[in-house]
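The structure appears right after this line, and notes come after that.
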Amino acid sequence: MHKSVQDIVNMKKGKKKVSVITGYDYTLASLCDKAGIDVLLVGDSAGMVMLGYENTIPVTMDQMCMFTEAVSRARNNALLVADLPFMSYQASIEDAINNSGKLIKAGADAVKLEGGSIMAETISAIVDVGIPVMGHIGLQPQTTMLSQGYKVQGRTKDSAMQLIQDAKELEEAGVFSIALEMVSHEVAQIISETVSAPTIGIGSGVNCDGQVLVVQDLLGMYDKIKPKFAKRYMNLSEDIVKSLEDYKNDVESNTFPAEENWFSMDPEELKKLREQIGS
C-alpha cells in the first residue's frame, strides 16, 4: 500500500521530514520508490529535462499524462503528485477540474499547481470534487519566469507578507501541502511555522517540512541548468559518457560482443547447414 495524502500531513504532525523527488520515467522512479522516497513528483520540468525545451511553457496535458502513467507503474510505496502544466488550469475552474481529473486517471494521487491567493478559488473547487492539491508559491516557473526571471522571492517585507498571506489562503482553500520555491529561508521558516500543511522546500532553506530535488540533478545527469539549491550526490553524467565511450571503442575494436554475449547453434545442426549451403 502506497503512502496517502494523510500520511504526508501526519509527517509534519510527527515532526518527520518529507523527502520528495521529481522524476519522469519508469526506470528512475522505480529506484526512487525502492529507496523509500516519500513523494514522487511528476513535474512539468520534464519539458526541459526529458524533452529539451527551454522552459516549462510548451508542456502539454498529454505529455504530463504520459509521464505520470510511466511513474505510476513504477511506484509501490510513495505518494504520487503530478503538475498541472501551463494554461491547463488558469483559464477556468472547469479546465482546472477536468485536467486534474486526467492526471488522477493517469495514476496521480494528487495534483500540484502554481499560484498564490489568486488561485485559491480554483484550488478549493478542485479539492471539493475530491482531488487533493499541493500548492506552489514563491518562484513560479510558469509565470514569474516570463516577467521577473530567476529571482529569490521574499527578500523584502512587502513580498514576504504577500507570501505569508498566499500560504494562509492556500491552506484555507484546502491544500494538503505547499511547495516553496526559492523563498528566502527566513520567510520559509515563518510560513512553515504558520500553516499546518507541510511545506516542501525548493531552495528555501532547512526549516521547511520537507525537501525536493529533481532526480537528474541529484545524480548529476543534467548539466544544462545547475541551480544553487540542487545538491549533487554523484556526477553520473561523467560515468555514463565514459561507459558510452568504452562501448564505442569495443565496437570499433571488435571486442564487443564477446562469446558470452551471443548465442550458438547446435554443432550438429551447424554442420548440416554448412553441408547444405556448401560452405
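If you go along the chain as it appears here, the first residue is 1 and each next one adds 1.
Every residue gets a Cβ built from N, Cα and C, even glycine.
What Swiss-Prot lists as 3-methyl-2-oxobutanoate binding site is D44, S45, D83, K112, and the listing cites sequence analysis. Among the features that Swiss-Prot reports, Mg(2+) binding site is placed at D44, D83, E114, with the record citing sequence analysis. Among the features that Swiss-Prot reports, active site, proton acceptor is placed at E181.
Taking the C-alpha positions, the distance from K112 (3-methyl-2-oxobutanoate binding site) to the residue listed as 'active site, proton acceptor' comes to 13 Å. Neighbours of D44 (3-methyl-2-oxobutanoate binding site), defined as other CB atoms within 10 A of its CB across all chains, total 28. Taking each Cβ in turn and tallying the other Cβ atoms within 10 Å, the top scorer among the recorded positions D83, E114, E181 is D83. The Cβ centroid of D44, D83, E114 marks the Mg(2+) site; residues of that chain outside this set whose Cβ lies within 8 Å of it are G43, S45, T56, V59, L84, P85, F86, K112, L113, H136, P141, Q142, given in sequence order. Across the fold, the C-alpha of S45 (3-methyl-2-oxobutanoate binding site) and the C-alpha of E114 (Mg(2+) binding site) stand 13 Å from each other.
Put simply, E114 (Mg(2+) binding site) is 9 Å from D83 (3-methyl-2-oxobutanoate binding site) when counted between their Cα atoms. The local packing around K112 (3-methyl-2-oxobutanoate binding site), expressed as other Cβ atoms within 10 Å of its Cβ over all shown chains, amounts to 24.
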